Amino acid sequence: MFQLSVQDIHPGEQVGNKEEAIRQIAAALAQAGNVAGGYVDGMLAREQQTSTFLGNGIAIPHGTTDTRDQVLKTGVQVFQFPQGVTWGEGQVAYVAIGIAASSDEHLGLLRQLTHVLSDDSVAEQLKSATTAEELRALLMGEKQSEQLKLDNETMTLDVIASSLVTLQALNAARLKEAGAVDAAFVAKTINDSPMNLGQGIWLNDSAEGNLRSAVAVSRATQAFDVEGEKAALLVTVAMNDEQPIAVLKRLGDLLLNNKADRLLSADAATLLALLTSDDALTDDVLSAEFVVRNEHGLHARPGTMLVNTIKQFNSEITVTNLDGTGKPANGRSLMKVVALGVKKGHRLRFTAQGEDAEQALKAIGDAIAAGLGEGA
């Protein structure tokens, strides 16, 4: 995780246009010892290739691969423009984060930033902040409540089990490892019997020891019998705010519609989608998987190409990094796509729902195969 100093943050700046803003940011990077004088040319050239506007009033100007030799050390300079700077057609940036990084160092930094900035409320606060200290706290996530923890790290599938205790222990351990619960929660959820929701689904929680909101799921390879009742999957909930309620509602909808069997046969990505996305509950969803071959993964430029391809269609489209957290993201949001942390060789699953879903998936596959603007 990169560290951000208040000396690298410049609130209340004012410029006439995007080029002026980029030159000002490049000068700050040079003064801080991050880049040599020629880096500004790469920053301006990058904007000619594709806009570095992420969305939510945020831009991330940075150089091209041709000017990586101008980078002396990795760093950022943050400029806030309260009156806004036109960054492209229909794009107004209120915060520009100038990035200097050689190789693919900037990808980790970018992923950290986008996880914070993808929160719409944080982006709004960045516009109105008045001090460097306040901006730093927002960018480092210090003012952001922790998001619900429900991803590949809190799921255990295909467990050889013949009793609920095995699943209880696995879920409790996952939540403890995630820092979501304390020892009291672990003891309570292992010792107390879970609740039978029906259709092979069981649920447990604890009123004690909830440190952050999280959900753990464990599933047996084969269903087993518990006092005459079917058991195959256990959901354990740690609740520190209202975030888990949406997951429980989706779980309830699956049970009410007698579709809980989907949870018992789905792979990890589909199971996560069923619990975190309302679209996954419908029957008319198409999906396709593609492997990203771009040398540096989905950074801003290929990410923009992917999002622009998706925006050509009316269907609702989500994208899941099967080699990442496994959680689906809105395919129309560059911020959320970049935050997926896609590297070369990662598998992406796209789901599309709508009248042109089939055409959309084909176009996405063709774009990825063609290299998303960086060559196949």
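Note that Cβ sites are derived from N, Cα and C of the backbone, with glycine treated the same way.
According to Swiss-Prot, the features are:
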DOMAIN    2-142  domain 'PTS EIIA type-2'
ACT_SITE  HIS62  active site, tele-phosphohistidine intermediate
REGION    156-284  region 'M domain'
DOMAIN    285-375  domain 'HPr'
ACT_SITE  HIS299  active site, pros-phosphohistidine intermediate
Inter-residue Cα distance where the pair is HIS299 (active site, pros-phosphohistidine intermediate) and HIS62 (active site, tele-phosphohistidine intermediate), in Å: 11
Segment-level pLDDT (mean, integer) for the domain 'PTS EIIA type-2' (2-142): 87
Structural state census, the region 'M domain' (156-284) (DSSP three-state): 53 helix, 38 strand, 38 coil
Candidate with sparsest Cβ neighbourhood (10 Å radius) among HIS62, HIS299, the listed active-site residues: HIS299
Composition by DSSP (helix, strand, coil) of residues within the domain 'HPr' (285-375): 29 helix, 22 strand, 40 coil
Composition by DSSP (helix, strand, coil) of residues within the domain 'PTS EIIA type-2' (2-142): 64 helix, 34 strand, 43 coil
